[in-house]
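Lifted from TrEMBL, the feature list:
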type     : residues : note
TRANSMEM : 99-122   : transmembrane segment
TRANSMEM : 142-159  : transmembrane segment
TRANSMEM : 190-211  : transmembrane segment
TRANSMEM : 217-237  : transmembrane segment
TRANSMEM : 333-353  : transmembrane segment
TRANSMEM : 373-390  : transmembrane segment
TRANSMEM : 410-430  : transmembrane segment
TRANSMEM : 539-561  : transmembrane segment
Amino acid sequence: MTVEEVGDDYTKDGTVDLRGNRVRRSQTGRWKACSFVVVYEVFERMAYYGISSNLVIYMTTKLHQGTVKSSNNVTNWVGTSWLTPILGAYVADAHLGRYITFVISSAIYLLGMALLTLSVSLPGLKPPKCSTANVENCEKASVLQLAVFFGALYTLAVGTGGTKPNISTIGADQFDEFDPKEKIHKHSFFNWWMFSIFFGTFFATTVLVYVQDNVGWAIGYGLSTLGLAFSIFIFLLGTRLYRHKLPTGSPFTKMARVIVASLRKAHEPMPRDSTCFYELSPMEYASKRAFPIHSTLSLRFLDRASLKTGSTHKWSLCTITEVEETKQMLKMLPVLFVTFVPSMMLAQIMTLFIKQGTTLDRRLTNNFSIPPASLLGFTTFSMLVSIVIYDRVFVKLMRKLTGNPRGITLLQRMGIGMILHILIMIIASITERYRLRVAAEHGLTHQTAVPIPLSIFTLLPQYVLMGLADAFIEIAKLEFFYDQAPESMKSLGTSYTSTSMAVGNFLSSFLLSSVSQITKEQGRGWIQNNLNESRLDKYYMFFAVLNLVNFILFLVVIRFYEYRADVTQSANVEQKEPNQQM
C-alpha cells in the first residue's frame, strides 16, 4: 500500500481509537463494527422489555396496586428511564466520551437488573399471595418491599441513562460522513437499528412474558438479567473495531456561553462585514479534528455572541461555529415539543392496552392462554415488517420521485406516524365501546373475576397499527435529532429523543390521574380499577382529539423549520478556499 493510499484510508470525520490515534477506514467501523452494536441492542432490548412490558401486571397482581396507581408507577419509571439519558449524554460529550460512559453505565444497569430479579424471587421481598380478584382487599406491600423493588427499578433507570443516548450514537459513529458509500450506509443504519430493537422486543413480549405469567416471575426476570449480561459481553468483544469521537466539552456550558454573550451585547449594532465576527482558523479546527460551521440567517440575535467588541472573555466572545451549534440545538426544540403527545401514545400501549387484555378471553386452546402483554409482540412484528418494506421498497420508490436520498424528509415521515396515531385512538375508542357493550349484555359490568366472552384478538388492530406508526415516527424521531445535532453534540441530540419519551410518560401519568379524578367527581369515572365500570372509550377519544390538535401544531412547526447544512459541505468549502486563493 502506497503512502497516498494509506493517507486516503484514514477516516476524515475526526474519529480515533481508544488511545486517541487516527483510525483507518478499512480496519475499523462500518457494518463490521456495527454488527456487535446491533447484536448488543437485540439482547439489551430483550432484557429491558422483558421487565417493562409486563410490569403493570406484576404491580397489579403481586404488589396489589390499582389500575391508576400501577399505570402511573410504570409511566413514571419509564419516564425516568428516558430522562436520565440527558445526564448520560452530558457526561459522554463533556468528560468521559461515549465508550467509557457506556461501559460504566452498563455495570450499573446490570446491578439494577440483578437486584430486581432478587426482589421478585425472595418471598420476604413481596407481599403474600391474594386469592381475591379485587386488589383493594389484598395485603399491600410493606415499605421495605417497595423500597427494594423500586430501588432496583430506579437503579436500572440510572444505568440506562448512560447506555441509551450513547449506544445508537456509537453505532452511527462507525460511518464516516465524508465517505460517500459510508454516508449512504448511515442513512440505512437507523432503520436497521430500530429493527434490532424491535426484534429483541418481540422475543421479550412473546417468550419472556409467557414465562413470567405461566412459569414464574423469578425465572422470567432472571432470563432478562442473563440477556443483559450477554449483550454487554457482545459489545465488549467488538471494542478493537470501534471508532470513537473525543469529548468536546459540555454542550450545556457552550450553549449557555452563547446565550449570555449575545445578551451582553444585545444593544450592539449588527455589522454586515463578516470580519467583525470571531472565528478560529481552519488550521486550528484541523488540529482538533473538527470542522467550522458557516454563519446562517436563522436566530440572528445569537450572532452577537461572536461579535468582536474588545472583550475576549469566554463568556463575552464565542466563535461563529459555537453560535451555529447553539442555533441548531435551539431550532430543534419546537420539533421536540410536538413529539411529546406521540410519546404519550407509547405509554398507553404499555399500560391501559394491556389492562384491557386482562378482561377478555385469552384462551387459544383449552390448555393455553395468551398473556395480555404478548399482544405487544404483534406491534413489534408489525414494525419489523414495516421497516423492511420501508427500507427496501418505499425509500427506493420515493427516491425516484423526490430525489431525496431518504425518499421523504424526516419530518414528513414523522407526520405520517402522527396521522396514524389519530386513527389508532379512534379505532381503540370504538373497540372499547364494543367491549363495554358485550360486558353489559352478559351482566359482567360489575364483575372482575370473569372474563368477557370476547377474544383478546379484538384488540389486535390497535396493536398492529401502532407498530406501523412506530416504523414512521419513532425511527424518524431518533434519526432527526441525531442528524440535525452538530457534530460535537450528537449525544445531546440523541438525548432529545429520550427527553421526548420521558416527558410523554410523565404527561401520561399526569393526564391519567387528572382525568380519573375529575371524571370521578362528576359521576362515573373514566378510569377505575374495574375497567368494565370505566369509560376508556371516552378517554381514548380524548386522546384522538389531542393527537389531532398536536398534528396541527406540528404542521405549523415544520412550516418554519430549516434543515441544517450538511457538515461535509462546510468541509468542502474549507478545502476549496485555498485553491481559490492560489
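Easy rule for this one: first residue shown is 1, then count along the chain.
Glycine is no exception: its Cβ is also placed from the backbone N, Cα and C atoms.
All annotation found in TrEMBL is predicted automatically rather than curated by experts.
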Residues of the parent chain within Cβ reach of the transmembrane segment (217-237), under 8 Å, 6 or more residues beyond its termini: 36-37, 39-44, 46-48, 50-51, 54, 58, 62, 102-103, 106, 109-110, 113-114, 116-117, 120-121, 167, 204, 208-209, 211
Range from 99-122, 142-159, 190-211, 410-430, 539-561 with most C-beta pairs under 8 A to the transmembrane segment (333-353): 539-561
Distal contacts, the transmembrane segment (99-122) - CB-CB under 8 A, six or more residues away: 18, 47, 51, 58, 62, 88, 91-92, 145, 148-149, 151-163, 166-167, 170, 217-218, 221-222, 224-225, 228-229, 232, 235-236, 239, 242, 244
Beyond the flanks of the transmembrane segment (410-430) by at least 6 residues, Cβ under 8 Å: 335, 339, 342, 345, 348, 353, 461-462, 465-466, 468-477, 479-480, 483, 537-538, 540-541, 543-544, 547-548, 550-551, 554-555, 558, 561
